[in-house]
Amino acid sequence: AAAAQKCFLHIAGMTCASCVSAIERNLQKEDGIVSVLVALMAGKAEIKYRPQFIQPLEIAQLIENLGFEATVIEDHAETEGSVELLITGMTCASCVHNIESRLMRTNGVFYASVALATCKAHIQFDPEVTGPRDIIKIIEEIGFHASLARRVPNAHNLDHKKEIQQWRKSFLCSLVFGIPVLILMIYMLIPDGKHHGSMVLEQNLIPGLSVLNLLFFVLCTFVQFLGGWYFYVQAYKSLKHRTANMDVLIVLATTIAYVYSCVILVVAIAEKAEKSPVTFFDTPPMLFVFIALGRWLEHIAKSKTSEALAKLISLQATEATVVTLGPDHSIIREEQVAVELVQRGDIVKVVPGGKFPVDGKVIEGNSMADESLITGEAMPVTKKPGSTVIAGSINAHGSVLVNATHVGNDTTLSQIVKLVEEAQMSKAPIQQLADKFSGYFVPFIIIISTVTLIAWITIGFINFDIIQKYFPNQSKHVSKAEVVLRFAFQTSITVLSIACPCSLGLA
């Protein structure tokens, strides 16, 4: 018989374990198919076939006839097993060469690279032939000590604690100083009988600086630099990558409103004006309060998902009992190994009350398994020879022997964890749209506000009367040019500040 070859297929449309068994059962009936292994969560199938009887495309067609979509995966890189080991006891380059050459001569190892400086080895292998346990044995036979480089389940980068704290700080900061600003604004809007209340606030402490503007200035300065600090950081990062996101617009509008208000106050004080100018100090605090609140809530929601993820990771068993079988399934010897070291094809013994360490098929024994943590199925599921078991589920009352089919990162549980992690890393489609839109929106708004500025300056110098009617009680000693500039600036700032809440809508 000619040697069997292996092919990998991507299968879409599988929903549960019965789909998997339907595919496996039907393919095994076909001539030329040696073995079929389907991973539900990863949507992949690994099939060994005899090329003289059947070809990968025909296999894909067979799966499609069953009602699923199947495509042949061309590159096998992602389907090879890979492992990272820590090797101690290496002293020089010849040790490295020794280990590498010994591993490369081993059947089933495609690639081995050892780094002396970090004491790490990266090995790619065929999971059908060998596995991490065998590789460690080989390295230890040559006289070195090898262990798995433990990858800490990376839940810590998903708990968003740091972001939650910083946005909360940003929100509370903006709120503490923003509420007085809001009260002052409302207070100024209330039409008062004798106007005595607002008159107190509008009285000048020194010519050109009213009590109101001084309060606004102090409060707004705190919000701008304490509450808005993270916005500045984000905006800077965005501009460094030559993109303009919402943070850029927020920072731009608030900074210009703030700086402009400061400048006209200084000008008014320098001119000793009898009436303090109308400032835009009320814009930044309000914007920062709303947006920081939104960001804070968003990160809280994200961290909830991560808690669930950490719980999922904790479901995994840590150890497994690998057994060696003699004739008619009698156990010759048992050994306890770390779950990461279980290889495909190992026979694992699971005692009553124990967790299934890997995905696999029962070959001996009858039991019930509680799979509620993974499938949500409340009733225990019967397991008899031929049934599939899921890593992380609990074996109820019988001792069973399981042939490991999916180990390490291929188990259902690892795949669920991986999917949740990917979902957290990726953006929602609507968010991508918003970001894409804001990429054009920000420059567009900046252009419009610049155009507004130039347009009003031009109009002012050509026909001063149009602007004159906005400044009826204009004091005589203010020059014409200054009135025009002040008005033009006010209009362009208004465009910027008003465009800013659009980012709220998008958020």
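Backbone N, Cα and C define each Cβ position, glycine as well.
What TrEMBL says about this one:
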DOMAIN    5-71  domain 'HMA'
DOMAIN    81-147  domain 'HMA'
TRANSMEM  171-190  transmembrane segment
TRANSMEM  210-232  transmembrane segment
TRANSMEM  244-270  transmembrane segment
TRANSMEM  276-297  transmembrane segment
TRANSMEM  440-464  transmembrane segment
Chain residues in Cβ proximity to the transmembrane segment (210-232) (below 8 Å; excluding those fewer than six residues from its ends, i.e. six or more beyond): 166-167, 170-171, 173-174, 177-178, 180-181, 184, 188, 200-204, 247, 250-251, 254-255, 258, 261-262, 265, 276-277, 279, 281-282, 284-285, 288-289, 291-292
Composition by DSSP (helix, strand, coil) of residues within the domain 'HMA' (5-71): 22 helix, 24 strand, 21 coil
Chain residues in Cβ proximity to the transmembrane segment (171-190) (below 8 Å; excluding those fewer than six residues from its ends, i.e. six or more beyond): 197-198, 201, 212, 215-216, 219-220, 222-223, 226-228, 281-282, 285-286, 288-289, 292-293, 295-296
Number of helical, extended and coil residues in the domain 'HMA' (81-147), per DSSP: 23 helix, 24 strand, 20 coil
